[in-house]
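**Student:** Copying in the features that TrEMBL gives for the protein in this structure:
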- H207: active site (ACT_SITE)
- D259: active site (ACT_SITE)
- E268: active site (ACT_SITE)
- 328-408: domain 'Carbohydrate binding' (DOMAIN)
Amino acid sequence: LFEFADKYRGKYDSSITVAQKYYRSISGYNDELLWAAAWLYQASNNEYYLNYLGKNGDSMGGTGWAMTEFGWDVKYAGVQTLVAKFLMQGKAGLHAPVFERYHQKAEYFMCSLIGKGGRNIQKTPGGLIFRQRWNNMQFVTSASFLATVYSDYLASSRGSLKCAAVNVAPSELLSFAKSQVDYILGDNPRATSYMVGYGNNFPRQVHHRASSIVSFKVDPKFVACRQGYATWYSRKASDPNVLTGAIVGGPDAYDNFADERDNYEQTEPATYNNAPLLGILARLGGGHGGYNQLLPVVVPAPNPVVAKPKPAPKPKFTPTPATSSNPITIEQKMTTSWNAKGKTYYRYSTIVTNKSYKTLKDLKLSISKLYGPLWGLSKSGNSYGFPTWLNSLPAGKSIEFVYIHSTSPADVSVSSYNLA
């Protein structure tokens, strides 16, 4: 995909022209190519992508653009932050001078966040980052996420943030990110939580179709598209379905907010509001573990939950042996357990492996003593087969399915199969 995008360069909305009315690519594609290369290097350690960042950083704007925003269209700040990490890790090699320019632009962005740069990000009187009226919160959570990870990079390298006239401790970046999260969750002039369902005062008329229409469980009558708009959209009542956890667009430049369903600029939720916030909350919730974020991290296993009403059943780790008559192995193990309403539930993972040298087709499994839901297989009568998206299993390959119930592992065996 990267090779294709690099070879046939162009803006996606030049081909999908209808997108120009909604999500037009203003910044072009150079930031996406650099962003992709940075993540592909992070994932693969393939030097090709590192060299790509080094050779194209200047010409594609990665080292030139001094950013004060990070979002779905303009990703330069993210590129600069990730490449700065590679530099701190000592991976730049011959590209060190170019990577240092990426690094300088990353620091420019971080300094602008905390108000100590040459050009600082605008904030509301209550202290929230403000970029634009329509769904401003996307810029708040994404910028705060970058500040969070960069704070850890600096702490791991025992460095500091170099702003216009002062050096800044990494902890100040993390404190800034926390201040933005606190604002989102209600520490603001209106005492409003912009996370739906959190706190006592949160948006009740979210610009979201499923949230604004009565649940199928309450009224199963069919709701047509236009009916959903005409009947439910204009209602001034609170949402019948609370979209718990959603982050809405948020207040204006003066901390004002109108909780009205048709005020889409402020009450519309979006995945790109929520996604970066999860990373920040994970970091704040985890405290300071002393991990070196510039090295591969091995996270210690969490302490086990003690209060279980009965001993957990022993998982079956021993796979069914493959033989010439049955060249299929089945291995089960319990992956997690939890208590709910006085009952202990277990999640089991089952791996089915084709140990033959041929392609496995028409697999039928028999599963007995199963007392809960199962995912990853399709059921036909009393047997289970490949999921709908899979017709066969090549030699040496495996599939996994999972199930949950409150007792020992189910009995899983092979009923029939074909090898081709």
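Including glycine, each Cβ sits where the backbone N, Cα and C put it.
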**Student:** Tell me, roughly as an integer, the mean pLDDT over the domain 'Carbohydrate binding' (328-408).
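**Tutor:** That stretch averages a pLDDT of 90.
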**Student:** Which number gives the other C-beta atoms within 10 angstroms of the C-beta of D259 (active site), all protein chains shown included?
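**Tutor:** For D259 (active site), the 10 Å Cβ neighbour count is 16.
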**Student:** How big is the gap, in Å, between the Cα of H207 (active site) and that of E268 (active site), rounded to a whole number?
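**Tutor:** It is 5 Å, counting Cα to Cα.
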**Student:** Can you break down the domain 'Carbohydrate binding' (328-408) into helix, strand and coil residue counts using DSSP?
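**Tutor:** Helix (H, G, I), strand (E, B), coil: 0 helix, 52 strand, 29 coil.
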**Student:** State the Cα to Cα distance, in Å, between E268 (active site) and D259 (active site), rounded to an integer.
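**Tutor:** Cα to Cα, E268 (active site) and D259 (active site) are separated by 10 Å.
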**Student:** For E268 (active site), what is the tally of other C-beta atoms lying within 10 angstroms of its C-beta?
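**Tutor:** Cβ-Cβ neighbours of E268 (active site) within 10 Å number 18.
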